[in-house]
Amino acid sequence: VQSAPKSLFPVWQCGSASDGLVTLGCVTRDLASADGLSFIWKDASGSALTDVVQYPAVQATGGYTSVSHVRVKASDWNGNKKFTCEVKNGLGSKDASLQKPVERELHASLLLTTPTQTEIDNGTATFVCLATPFSPKSHTFKWTLEKTDISNKVKENIVSQNKGNFTAISVLELSASEWTSSTSPVKCEFQQKNHNVFKEASYGNPEFPKVYLLAPPESSGESVTLTCYVKDFYPKEVAVSWLVNDKQVEEVVGYEQNTTAVIDRNNLFSVYSQLIIKTADWNSGSVFSCLVYHESIKDCVRHISRSIAKDSKTPTLVNLTLTNPQSCSCSTYVCIWSTEIFHYEMEMDDDNMANTALTFVFLFLITLFYSIGVTVFKVK
């Protein structure tokens, strides 16, 4: 039995065609008959549109289905103008509005990396600004130095997409002197339609990291936590890794390593790295080492390490280097630091960095007061 249209589904084209037009469509279904069926399209002013196509109805399960489409200017569609589709027969009609949906804007997080000292020594300074994730795709990178736009010195811009979100990278290249002689920071600004975010980087002399390895408090649980505190270094790029009995932690099942984001304190940086280990391994006397890699450490030194074991009564070895390459101008040092073993209890609060930092200071002062001696051997 013939009846008025019961349903109408609007659809539209993603993007626009090369001719600057967008296709809008309407679908009606479950009709008892397609006799006398017609579509009418109107713009926001109510005027009828003429570039209309109506396809022959197709019979399917549940009744007939019919489709109509119209082409409109992309500028009108992108300008959020509203269009109306109406389907009718002799028994009634149904209409639906079509308007471009407001795009959800996902605001990006920004990361800015600075040149290494090696690159600066070679006369160049490269900055990489990473924005991720964000949407829609439209964005702008703006670089400034001493309030002057230097975006013309961008070497490369890269954009990638993953599951509807975007990642963008902008690479800026300056001469080393532009970077080191400037009293103002290099600024990378990432601009979206309704949101801007920026990061700045100022030049500073490399600062050698101080490294402290904190033993766990006594625990009756199945696991304990070692903490490596790396502080007062510059620049901010640093890598921390762990060894257990001279094996990389990644090769040992059951250990978990976590490192915090770098903390900025007056343009000097700090980081905490924690290693969660089995209590049985700690009680067995296994030796655990925290290794810190930073560009302020000369190539012939490569890293700083701190080692600890629960029951060790022997001096703790602070290993600054293993070899002395012929091309390296610095001397090799091995420092053996003997300290008394002392026990303490402390509750770690992961959410309170200030208390943790004070604990490290306390540990450091105790170590100074109870230090037995320091012997330094210089290997020519």
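Glycine too: its Cβ is placed from the backbone N, Cα and C atoms.
Quantities reported herein were computed from a predicted structural model and do not represent experimental measurements.
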> In Swiss-Prot, CYS290 is paired in a disulfide bond with which of CYS188, CYS228, CYS335?
Replying inline: CYS228
>> Going by the disulfide annotation in Swiss-Prot, which one of CYS26, CYS188 is bonded to CYS129?
In response: CYS188
>> Taking Swiss-Prot as the reference, CYS26 is linked by a disulphide to which residue in CYS14, CYS85?
In response: CYS85
>> For each of ASN165, ASN258, count the other CB atoms within 10 A of its CB; which of these glycosylation sites has the top count?
In response: ASN165
>> Which one is it, among the recorded positions CYS26, CYS85, CYS129, ASN165, CYS188, that lies nearest to CYS228 (disulfide bond) by Cα separation?
In response: CYS129
>> Summarise the region 'CH3' (209-309) as counts of helix, strand and coil residues per DSSP.
In response: 8 helix, 54 strand, 39 coil
> How would DSSP class CYS129 (disulfide bond) in three states?
Replying inline: strand
> Per DSSP, ASN122 (N-linked glycosylation site) is which: helix, strand or coil?
Replying inline: coil
